[in-house]
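Visitor: The Mn(2+) binding site annotation in TrEMBL covers 109, 111, 145, 169, 370. What TrEMBL records for 193-288 is domain 'Peptidase M20 dimerisation'.
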Ligand SMILES: [Zn+2]
Ligand SMILES: [Zn+2]
């Protein structure tokens, strides 16, 4: 869909780039952890108010919502644009002049960019509100990194009256200038696993008098791998990692208990339920075969991010207009086994979560998310702003 007025978008965004970059760097220098995004929320609320939006603060502790009402006729739909605001408990190792000023805290996932992008979109769309029939609700959520901010915002009613939601993640695994948009699942469901294997402690030289939970745990760790390799179709996608093994206090003592921790990543809810049931069955029956017991806890995980086909079409058109059709990827490589609590907004209303490439070897922006040397190529910022803005103009076209 083409709008004569939109043809000025690229040049408008070009003029805004210094401010978009400056704000991103300011946020980068002042990272705030989950539910502590006080300064960030103040900046967000201040900017949204200055644009004349209706602003609500303190939602799910530090969340901010700004409503922009279009003036192109009565009625119309409401589109939510979501950005996450929190940083991570990581000590930054980058030597840039906008390095984190807080020891042990860092924007190592790109959420500083997300905030700056969404505020730039708010600025642009408020200038073009005469082209919007309906409203845009800007949703700035806290605490994505602990999967804690989105669900309480939804519970607080943020998605009431919203017809569609869009959002993006800058991605250091994808080349700058490219956009990844895909219908269906894009980020995985994440479940935290904890297994308590209980035996009977004793002398390491007299195992017959004990029930050794270490040998049992070893068998359980290996057997669980067959859930993916032997019970999962190669066309299904899943990861099961046991990442933490804790037991024992000395070389000559058989411990009472082994505690295993790990993560399960899946994309399909039915499959997820089946594999969790099989995981319990397998761990408990192997433990029983060795006279031990196994308690399996599956902590409340994050849902998968699943994109709605119609909303994906809107974003796809916007991405093609912004980046050029040859720079939009829709194949499986844009999927990630990472998780994101955008899933809760996507669960509430139809939406599309997409990725904007931020990787650039020449600039050293190559480290994975959550790495102490993570960085983005800031050339990604205007691309992201343009995709979101075009999607909103398209979705709310009079
Ligand atoms: Zn992250
Ligand atoms: Zn993130």
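Using N, Cα and C of the backbone, Cβ positions are placed for all residues, glycine too.
TrEMBL labels come from automatic prediction, so no person has curated them.
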Visitor: Could you list, ordered by sequence, which of these binding-site residues: 109, 145, 370, have a Cβ under 6 Å from ligand 2?
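Guide: The binding-site residues passing the 6 Å Cβ test are 109.
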Visitor: Among the binding-site residues 111, 169, 370, which residue has its Cβ surrounded by the fewest other Cβ atoms within 10 Å?
Guide: 370
Visitor: For the domain 'Peptidase M20 dimerisation' (193-288), DSSP counts of helix, strand and coil?
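Guide: For the domain 'Peptidase M20 dimerisation' (193-288), the helix, strand and coil counts are 40 helix, 32 strand, 24 coil.
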Visitor: Select, from 109, 111, 145, 169, each of the binding-site residues with a Cβ positioned under 6 A from at least one atom of ligand 1; if none does, say none.
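Guide: 109, 145, in sequence order.
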Visitor: How many other Cβ atoms are found within 10 Å of the Cβ atom of residue 145 (Mn(2+) binding site), counting all protein chains shown?
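Guide: Excluding its own Cβ, the number within 10 Å is 20.
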Visitor: May I ask you to report the DSSP-based helix, strand or coil state of residue 169 (Mn(2+) binding site)?
Guide: strand
Visitor: Taking the centroid of the Cβ atoms of 109, 111, 145, 169, 370 as the Mn(2+) site, which other residues of that chain lie with their Cβ within 8 Å of it, listed in sequence order?
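Guide: In sequence order, the nearby non-listed residues are 84, 86, 88, 107, 108, 110, 144, 369.
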Visitor: Name, in the order they occur in the sequence, the residues of the same chain whose CB lies under 8 A from the CB of residue 109 (Mn(2+) binding site) and which sit 6 or more residues away.
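Guide: Listed in sequence order: 87, 88, 144, 145, 369, 370, 374.
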